[in-house]
Every structure is written in structure tokens, then in C-alpha cells.
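Student: Pulled from Swiss-Prot, these are the listed features:
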BINDING   37, 38, 69, 88, 89, 90, 91, 92, 93, 94, 95, 96  5-phospho-alpha-D-ribose 1-diphosphate binding site
BINDING   69, 92, 93, 94, 95, 96, 134, 135  GMP binding site
BINDING   89  Mg(2+) binding site
BINDING   92, 135  xanthine binding site
BINDING   92, 135  guanine binding site
């Protein structure tokens with residue numbers, strides 16, 4: 001990854017609210033399924049904005065085995081996704097998205113960020129990100145003191 005895209009808490013909330021406004025009216029949804037872990041915080045934000053109390057998770061782990069990237073489903077929500085929003089923070093190459101689509105073919109799959117390779121796999125997203133860009137999410141960062149350049 002050659003570039004970095006830094007996401008602040010404020011930016012994330014603004015993007016989540018924009019996405020929530022596109023998902024109105026909220027009564028059309030039975031609930032939200034957040035993809036663990038990246039979709040947990042956006043899922044909480046959507047649940048708040050849409051007034052949805054039924055929130056579940058699908059937990060997927062990816063790991064390298066003989067240089068192949070494999071997905072392992074650790075926990076899944078029941079059903080085919082009908083009436084549910086599936087939320088993840090990002091669709092990148094589409095590996096996780098393909099697995100989600102297979103598990104929940106009737107769900108409405110959304111993300112905050114989308115890279116070109118995965119974009120066709122989601123129903124909606126807010127921000128386009130170049131494929132070679134690494135996203136730094138606010139839950140992965142802390143606020144630290146940065147000394148002045150002059151050193152004084």
C-alpha cells in the first residue's frame with residue numbers, strides 16, 4: 001500500500017449518518033448484522049441513527065495458509081439476510097464480501113468505504129478509496145503528543 005487515508009472519529013460519524021439517511025425509512029429493516037470486527041463501530045452508529053435495536057454479528061477470520069488467503073466463519077447470524085442491513089467498514093478486494101453475499105443473499109450490504117475491486121459487491125457505500133490506499137480507522141489509532149519541528 002503506497003498511500004494512507006486517515007479516518008477520524010468525526011469523519012466516521014459523518015459518513016455513517018450519510019449512509020443512514022440513505023437507508024431510510026428505518027421501518028423497512030428487521031435489524032443490522034455487523035461484520036466483525038470492522039463493521040462493529042459503523043454498525044453501532046447505524047443502529048443509533050436508524051433506531052434499530054436488533055443487532056447481530058457475523059464473525060469472519062482471514063489467515064494465510066500456504067500463501068493462500070482463506071476465510072473462516074467463526075460465527076454467523078441466522079437466516080438469509082432478508083430485511084437486514086449488513087455493514088462493514090470497507091470493501092477491499094471483495095473476498096469477505098463474496099462470502100457475505102453467499103451467506104446472506106437477500107441482505108442489503110453496505111460499507112462506509114469502497115475500493116474499486118470490491119465496489120460492485122456492495123449495495124451502497126459512502127467514500128471511494130483508491131485500491132492501493134491503506135485506511136487507518138480511528139479505533140486503531142491513539143492521540144499522541146507531537147513535538148514542534150523546531151524542538152523548542
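In case you wondered, yes, glycine gets a Cβ from its N, Cα and C as well.
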Student: Given the 5-phospho-alpha-D-ribose 1-diphosphate binding site residues 37, 38, 69, 88, 89, 90, 91, 92, 93, 94, 95, 96 in the record, what is the largest Cα to Cα distance, rounded to whole Å?
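Tutor: Across 37, 38, 69, 88, 89, 90, 91, 92, 93, 94, 95, 96, the two farthest Cα atoms sit 20 Å apart.
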Student: Just jot down the residues in the same chain as residue 37 (5-phospho-alpha-D-ribose 1-diphosphate binding site), at least 6 apart in sequence, with C-beta under 8 A of its C-beta; none if empty.
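Tutor: Looking at Cβ-Cβ distances below 8 Å from residue 37 (5-phospho-alpha-D-ribose 1-diphosphate binding site), excluding near sequence neighbours, one finds none.
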Student: Expressed to the nearest Å, what is the distance separating residue 95 (5-phospho-alpha-D-ribose 1-diphosphate binding site) and residue 134 (GMP binding site) at their Cα atoms?
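Tutor: Residue 95 (5-phospho-alpha-D-ribose 1-diphosphate binding site) to residue 134 (GMP binding site), Cα-Cα distance: 17 Å.
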Student: Give me the count of other Cβ atoms within 10 A of the Cβ belonging to residue 92 (GMP binding site).
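Tutor: The answer is 23 other Cβ atoms.
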Student: Distance check, please: Cα of residue 96 (GMP binding site) against Cα of residue 89 (5-phospho-alpha-D-ribose 1-diphosphate binding site), rounded to an integer number of angstrom.
Tutor: 12
Student: Select the most exposed residue of 93, 95, 135, where exposure means the fewest other Cβ atoms within 10 Å, treating these as the binding-site residues.
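Tutor: Candidates: the binding-site residues 93, 95, 135. Fewest Cβ atoms within 10 Å: 93.
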Student: Hey, does DSSP put residue 89 (5-phospho-alpha-D-ribose 1-diphosphate binding site) in a helix, a strand, or just coil?
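Tutor: For residue 89 (5-phospho-alpha-D-ribose 1-diphosphate binding site) - judged by DSSP and reduced to three states - the answer is strand.
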Student: Would you count the other C-beta atoms found within 10 angstroms of the C-beta of residue 94 (GMP binding site) for me?
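Tutor: Other Cβ atoms within 10 Å of residue 94 (GMP binding site): 19.
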Student: Whole-number answer please: how many Å between the C-alpha atoms of residue 93 (5-phospho-alpha-D-ribose 1-diphosphate binding site) and residue 134 (GMP binding site)?
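Tutor: Cα-Cα, rounded: 12 Å.
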Student: Please give the maximum pairwise Cα distance, in Å and rounded to a whole number, for the GMP-binding set 69, 92, 93, 94, 95, 96, 134, 135.
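Tutor: Value for the max Cα separation, rounded to a whole number: 20 Å.
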Student: Quick one: give me the count of other CB atoms within 10 A of the CB of residue 69 (5-phospho-alpha-D-ribose 1-diphosphate binding site).
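Tutor: 10, counting other Cβ atoms within 10 Å of residue 69 (5-phospho-alpha-D-ribose 1-diphosphate binding site).
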